[in-house]
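Chemist: Mind looking over this structure? Questions follow.
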């Protein structure tokens, strides 16, 4: 407003009230009322201005409150899903995430399909659901394009969600990685791109969805599928600083002077065009000049999840291609990146000219060596004027690496010995870059199976069988292969085991006792017998020498040659006829192990001067022990003959057993009866009752007294006999002559101690040398007891 004459004397008033705006009379500024929330739409305010002469003028100010439409953020990252045609239960397919300052609701723009949009139970969000009882048929329709809308009551935002069906087929156990050139590992993505043609002229109001039928082949068989492309409605640009007002001096202006910068924002970063109309339109002194640099946009970042890269991936391996959009087609772009943690740039590179993200060409990725297994790379693209950045997350995964023996040959030695002997610690040297791996050891020894075993956890070696290198054909050296495994990979090393020959066998004589009969005048220095010893050891430990221990004789009467032959060194006359003497022969090996045997010399009684009597047997009474045992045998024989007569006398010369009653009731039929104490009743007083009994297949063992019901043995019962029964189940029947009743009766036969232990012979006779070694077994007396159970011990 202007009034040159009454400047400063004008009165300004707001003639109509507004729910949202008010006039500040001090500053004459229109302000938003405190504590109100603006409602989108046009809001008008009428103002009047009055001068001191009561002249006035009025004007209308229209304030447009623009609403930001809802933004369906979830469809930007997930606009489709795939379900089986077999699915029929109500299923949440997608949660609609909507951003708006106002409360929003979402609704379907589709009908006649088995899908609904409704609020998710327990949440403020809406979801796309498969309807309960849906009947899906891949052959009839293999995809559904669902149009939907979300509104905040002022503006609507449309969206499209596509549901693809999977045919009900058997599970596929493998993917043909050659199909369409796709290799789905994290190594190489040889992709075929669907490209938007130049100047496509897409119009949302005419065509919203394009169905693209795709077929590809690996040279042997084709495959086909369907791809749906949804067209999104273009969002208009928004003025950021209009409406506005500025002043231009008519004196200081010049052609081309910028009088105002119009700021706009386009949600899709579209290329925009400006146009301007003047009021009045005649000879408009202004024009709008458009020069704007379009900021490049990274289209395929960030990703929904981190890219997975395996350690030890090939150097220079392509991982990800950054894709950008820049409406300034002639701009040159440069790509750079930073990493957190910072050492990520050691393991990954980005091509500065084309944005190809790859592994480093010089540094290998070692899972155990990186500072972190998760890296975030901030990738920046610049067109020299503006730049854009997005994050790319990389996750390093561990690969199992094989354990490696750093020492490939080992040697152990062990003395020959018994099974279970553990050899010394092999001290294996191996490394495994996978920290925490559990290692197991195994071993093979070619054809030498069964000699050694290896502890799986420690790798210690043990003998699994007795090893005696003295046995014919025994090996003393074994070459084995030790294998270490982490469960997936293995490495091996050689192990040589040497078995040492030790002095583990004592020389042994062929007999423990050698007996010779020598005439008292046997010639000196003449061999009269041989004591042969052997040593099972091989090598030097198998050599031994003979010697004699005759200290008890007080003189060196006898001698022994190197081959074990015995000879007489001094006369026997000092011992006299009928004498017997003994001494010890010894065989001592080079390891000081010694075997012994006793030599017994008998000098027969004779008056002849024959030179030798070694071939004449000693007479019965010449052997000192014989008279003694004859006397003992005579005494025992006398006792045996007298004992039966004494027993007959004690028993009154009768064959009837007079021992304790019941001692033999198992074997002898007992005349006594046992009262079973039957309990029965009969209402007919005076009835006479008879008893009978059956015992199934056990016939002939028991009988029942008909009048008393008492049970008796009808045959001898011996539970010690093989196959004998100790429990009998019988049925007892009581009868009044017309009617009967029955009851069960169990009879248990007790095992008693009714058998005396008996020796296999009444007399055992043994012949012992007078110098027989103490504590040495010379015979056996065998006894048996016919009783079973504890009484048979």
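Glycine is no exception: its Cβ is also placed from the backbone N, Cα and C atoms.
Annotations in TrEMBL come from automatic prediction, not curation.
Pasting the relevant annotations from TrEMBL:
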- 301-405: domain 'Cadherin' (DOMAIN)
- 406-509: domain 'Cadherin' (DOMAIN)
- 533-619: domain 'Cadherin' (DOMAIN)
- 682-759: domain 'Cadherin' (DOMAIN)
- 628-649: transmembrane segment (TRANSMEM)
Chemist: Can you name the far-off residues of the same chain, 6+ from the ends of the transmembrane segment (628-649), with a Cβ under 8 Å from a Cβ of it?
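Modeler: Same-chain contacts beyond the flanks: 762-763, 765, 767.
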Chemist: Per DSSP, what is the residue count of the domain 'Cadherin' (682-759) in each of helix, strand and coil?
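Modeler: Each residue of the domain 'Cadherin' (682-759) counted once, the result is 0 helix, 31 strand, 47 coil.
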Chemist: Give, as a single whole number between 0 and 100, the mean pLDDT over the domain 'Cadherin' (682-759).
Modeler: 88
